[in-house]
Amino acid sequence: MDRTVVLITGCSSGIGLHLALRLASDPSQGFKVYATLRDLMAQGPLWEAARSRGCPPGSLEMLQLDVTDADSIAAARARVTEGRVDVLVCNAGRGLVGPLEAHEEGAVGSVLDVNLTGTVRMLQAFLPDMKRRRSGRILVTGSVGGLMALPFNAVYCASKFAIEGLCESLAILLQPFGVHLSLIECGPVHTAFPEKLEGGLGGVLDRADAETRDLFSRYLSHSEQIFLEAGQDPEDVTEVFLQALRAPRPALRYFTTERFLPLIQLRFSDPSGCSYVAAAHQAVFGDQAAEGSDGAGAEAGAGEPGAPELGAPLAAPK
Ligand SMILES: NC(=O)c1ccc[n+]([C@@H]2O[C@H](COP(=O)([O-])OP(=O)(O)OC[C@H]3O[C@@H](n4cnc5c(N)ncnc54)[C@H](OP(=O)(O)O)[C@@H]3O)[C@@H](O)[C@H]2O)c1
């Protein structure tokens, strides 16, 4: 029986690494996994983990693939000996956290290039063949930060919001082609993500005013608390990828945690955005939004009838 050929981006650490291991060591031995890495020098931890998990010989292969480089994507595709990819996992991503004015221009461009344009490049490279074969699955690592924004994550959230539009648009088109696309929407997950933030944590902070810097440090405390309370292990998150992969009729979105659904729903139940903005400000900074002198920022806040229980603080979207 032919094995299911899976190609995953961003396997040097975190979700990509654990998903590659999980599939390569699946008891069915039904997967051939191409784990791709931006830099093959970083392949040590994955090989080590594959050995200790007892991945059978030939279940796992590592390829260099940088999602910002179309030639590297084409070279990796050419090295898939089966001549097809049944499941493409667009997982590579990078974070950017801090006041907007503290981001270097290069950091902004780089995050958008990896998270958004990199995903587009991958889809351009692999989707046409899936359409031709009228078969294939695409899993994209999404984020609750693509469904509700948080302060000090503006560019990261912009990239993940864009991924939502990209994927939703394609999902509609792909219906007649027998190709299924699913977003795996993650909340906070314990990975190397914070260590690999573009430009380091916060960026060039002295470019921001004192009040913004103070709010940033309050945001960081909040974020730390949320990771402590609600952070998931990548092993648990990978099971949600498997659920999507095995579903006979996969949904567009799978959530690794239900914790943030009330807040996400709040964005849609009050399309003006006022309820969400007030609730998010309150949840992150622990005080009412004091917008200008007319108090407009608090007009549709968390205490309103129909607003979800917001006692649970808001997680950092990563
Ligand atoms: N951790 C969270 O809380 C969380 C929450 C929601 C969503 N996510 C999403 O989950 C995905 C995986 O992140 P993670 O949490 O597992 O963090 P991670 O451990 O930092 O993994 C990110 C991976 O992306 C790779 N990558 C970065 N730039 C790349 C490029 N140009 N080409 C190819 N690969 C590249 C990294 O490779 P290098 O090591 O070579 O840089 C790394 O392997 C990301 O899309 C992220 O946005 C994470």
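Note: Cβ is positioned from N, Cα and C throughout, glycine not excepted.
Of all Cβ atoms in the protein chains displayed, 27 besides its own lie within 10 Å of the Cβ of Tyr156 (active site, proton acceptor). Marked as active site, proton acceptor by TrEMBL: Tyr156.
When secondary structure is read from DSSP and collapsed to three states, Gly30 (NADP(+) binding site) falls in the coil class. Summarising the annotation, TrEMBL assigns NADP(+) binding site to 10-38, Asp66, Lys160.
The feature substrate binding site is assigned by TrEMBL to Ser143. Cβ contacts within 10 Å of Ser143 (substrate binding site), excluding its own Cβ and spanning all protein chains shown: 29.
If you look up TrEMBL, you'll see 294-304 marked as compositional bias 'Gly residues'.
The annotation compositional bias 'Low complexity' is assigned in TrEMBL to 305-318.
Residues annotated as region 'Disordered' in TrEMBL: 289-318.
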Completion exercise
DSSP, reduced to three states, assigns Ser143 (substrate binding site) to strand
Exercise for the section: Using CB under 6 Å from any atom of ligand 1, narrow the recorded positions Gly10, Gly14, Asp26, Arg38, Ser143, Tyr156 to the ones that qualify. Expected result: Gly10, Gly14, Arg38, Ser143
Fill in the blank from the handout: Across every protein chain in view, the count of C-beta atoms other than its own within 10 A of the C-beta of Arg22 (NADP(+) binding site) is 20
Exercise for the section: Report, as a single number, how many Cβ atoms besides its own are within 10 Å of the Cβ of Asp26 (NADP(+) binding site). Expected result: 16
Fill in the blank from the handout: For Arg38 (NADP(+) binding site) and Tyr156 (active site, proton acceptor), the CA-to-CA distance in whole Å is 20
Problem - Protein Cβ atoms within 10 Å of His18 (NADP(+) binding site), excluding its own - result: 23
